[in-house]
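S.K.: Quick paste from TrEMBL:
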type	residues	note
ACT_SITE	Asp37	active site
ACT_SITE	Asn85	active site, proton acceptor
BINDING	Asp37, Glu224	Mg(2+) binding site
BINDING	38-42, Arg50, His54, 82-84, Trp86, Arg88, Arg205, 211-213	substrate binding site
Amino acid sequence: MLKKLLSKSKKGKHSLEVNETLINNECVPSHIAIIMDGNGRWAKKRAMPRIAGHHEGMQTVRKISRIADDMGIKVLTLYAFSTENWKRPKSEVDYLMSLPQMFLNSFMPELMERGIRVEMIGDKEGLPTSTKVALNEAMEKTKNNTGLILNFAMNYGSRAEIVKAMKDIMVEVNNGKLTLDEVDETLIDQYLLTSNLPEPDLLIRTSGEVRLSNFMLWQLAYTEFWFTDILWPDFNQETFMEAIQAYQQRNRRYGGLKGE
Ligand code: V07
C-alpha cells in the first residue's frame, strides 16, 4: 500500500526509492493534526443540506485514517467538534453528535483489523450520553491496539484545556504535592489532555481559513502549518501527500537549523 501511495509522487521512476529513503530517514510526520473545515460549504455548492456535507466529511475521515495508517503515521488528531460548535442550530448539533456512533458502527471491524486505537481529547462530560457511550466503547475495545492512534478532538477548546491544567496544578501546589519550582513546561505538558501524545509535527487546515480557532495552542508551538483551499470532503490521498511532501521539504531545508 505504501508503494501504491508513493508511486503517485511527482518524481516519476525513482520516486519509490527516493521516497522510501525519505520516509525512512527524513521521516513522515509522527503526529498530524487536522482542522477539517468546509463541509457546510461543500454541501451548499451542491444545493444540499449542511448535514450532507458532514456525512461526506465523515467518509473523508475514514479514507484519510486508512492512508495515515498505511503510511505508518503514529497519531492523527482530528478536530471533530469544538466548544464553539454548540452555537449551531440544534438540528445540526444533533446530527454531528450522531456521527461518532455512525462512524464507529461501520468502521469498527476495520479499526480492529488494522490495529487502530481510538482516543479523544476534550470535555467528554459535556457530550450527549449516547455519544459518550459510543466513544467510551470504542476507546475500550481498541485500547490494546498498537497501530495508528486516531485521536478525535470532541467538545474541545484549547484555552479551556489550559485553564483546567492551571487549576489542577494550583491544587497540587496548594496541598503541598508540588512546589512552585517544579512548575515548568514539562510539568504543564503532563497536565494537558495530550500528555500521552507527542506534539504535532504538521497541522493541516482545509477550506481556506488561516487561523487556529482555539485548537491545541500550547501543543502547536513548533508545528509546521499547511493550509489549503480544498474543502474537507474533497480532501484526498493526493492532497494529503502534497501536505506531507511540503512538510518534508521544509524539514530538509531547515533540517540543520532545527529550533532556530
Ligand atoms: C464529524 C465529519 C468530519 C468533518 C468535521 C465535522 C463533521 C468522524 C467523527 C468521529 C468522532 C469520534 C469518533 C469517531 C468518529 C466525527 C463529529 C463530526 C462530531 F470516535 N467525523 N465526525 N464526529 N464530522
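The backbone N, Cα and C atoms fix where each Cβ goes, and this holds for glycine too.
Whatever TrEMBL says is automated annotation, not expert-curated.
Given the structure is predicted, the values throughout are model-derived calculations rather than measurements.
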S.K.: Which residues does Asn85 (active site, proton acceptor) neighbour through Cβ under 8 Å, counting only same-chain ones at least six apart?
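M.R.: In sequence order, the residues whose Cβ lies under 8 Å from that of Asn85 (active site, proton acceptor) (at least 6 apart) are Val93, Leu96.
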S.K.: Between His54 (substrate binding site) and Glu224 (Mg(2+) binding site), how many Å separate their Cα atoms?
M.R.: 27
S.K.: For a quick check of understanding: among the binding-site residues Gly38, Gly40, which residue's Cβ has the most other Cβ atoms within 10 Å?
M.R.: Gly38
S.K.: Looking only at DSSP and grouping its letters into three states, which state does Arg205 (substrate binding site) belong to?
M.R.: strand
S.K.: In whole Å, note down how far the CA of Glu224 (Mg(2+) binding site) lies from the CA of Trp42 (substrate binding site).
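M.R.: About 26 Å separate the Cα atoms of these two residues.
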S.K.: At a 10 Å cut-off from the C-beta of Thr83 (substrate binding site), count the other C-beta atoms across all protein chains.
M.R.: 18
S.K.: Enumerate same-chain residues with a sequence separation of six or more from Leu212 (substrate binding site) and a Cβ-Cβ distance below 8 A; give 'none' if the list is empty.
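M.R.: Listed in sequence order, they are Ile35, Ser158, Leu220.
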S.K.: Could you give the Cα-Cα distance between Trp86 (substrate binding site) and the residue listed as 'active site', in whole Å?
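M.R.: Their Cα atoms are separated by 16 Å.
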S.K.: Just checking: which of the binding-site residues His54, Trp86, Arg205 have a C-beta under 6 Å from ligand 1?
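M.R.: Cβ < 6 Å from ligand 1, in sequence order: His54.
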S.K.: Cβ distance under 8 Å to Arg205 (substrate binding site), same chain, sequence separation 6 or more: which residues?
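M.R.: Those within reach of Arg205 (substrate binding site), by Cβ under 8 Å and sequence separation of 6 or more, are Ile34, Ile35, Asp37, Phe225, Trp226, Phe227, Thr228.
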S.K.: Given Gly38 (substrate binding site) and Glu224 (Mg(2+) binding site), what distance in Å do their CA atoms have, once rounded to a whole number?
M.R.: 21
S.K.: Do any residues at least six apart in sequence from Glu224 (Mg(2+) binding site), in the same chain, have a Cβ closer than 8 Å to its Cβ, and if so which, in order?
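M.R.: Long-range Cβ contacts: Pro29, Asp201, Leu202, Leu203, Ala246, Tyr247, Arg250, Asn251.
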